[in-house]
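S.K.: Let me begin by handing over the structure; questions about it come next.
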């Protein structure tokens, strides 16, 4: 079991890279559905595993879903929330990850008293419940207005902004948000498509330094 744990981290890394390449093609909602689908498949394989290879395969697939999910959800949250709330709302994901880890430890502790393979199959299988719940929740959520705008669906982007914030289309906040989205899109068009190594560039925003600081912070 301990040997298989490292493979989920590897899968998460690959999942983040997959999201980098196809996330903008599919959109936020479809990427979350894809992530949850992979987690369901991976968790099912782990729960039903009878060999180490079977278990490792499930871990890697679950990792794919975790990587896609963890790199999509914060972006989706920020694109749907008010600018003054974005930092707080995006940080909720980290908070819930912590809550989930603690809860998982207590579940593992409780099942450690069970003297059969149920002691490890059940804690792994429980994640299926949350993945399935998310699949149904996302069904009722709108697509990101920024993604819609980028795909040329400006009217839909405006409708989503109005619905999410419960404001008319001529409200000052809605107008300013649409302008900000348009300016960001024009900037992206002007700068052109970025390669993955661009996150390490040494520009006036100190992008490379900020990325490395966040990366090292995750290991502390």
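Heads up, the Cβ atoms here are built off N, Cα and C, so glycines get one too.
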S.K.: Under TrEMBL, the annotation transmembrane segment belongs to which of these stretches: 70-88, 89-107?
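M.R.: Checking TrEMBL against the ranges 70-88, 89-107, the transmembrane segment one is 89-107.
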S.K.: Considering only Cβ pairs within less than 8 angstroms, which of the stretches 7-26, 32-56, 119-141 has the most against the transmembrane segment (89-107)?
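M.R.: When the Cβ pairs under 8 Å are tallied, 119-141 comes out ahead.
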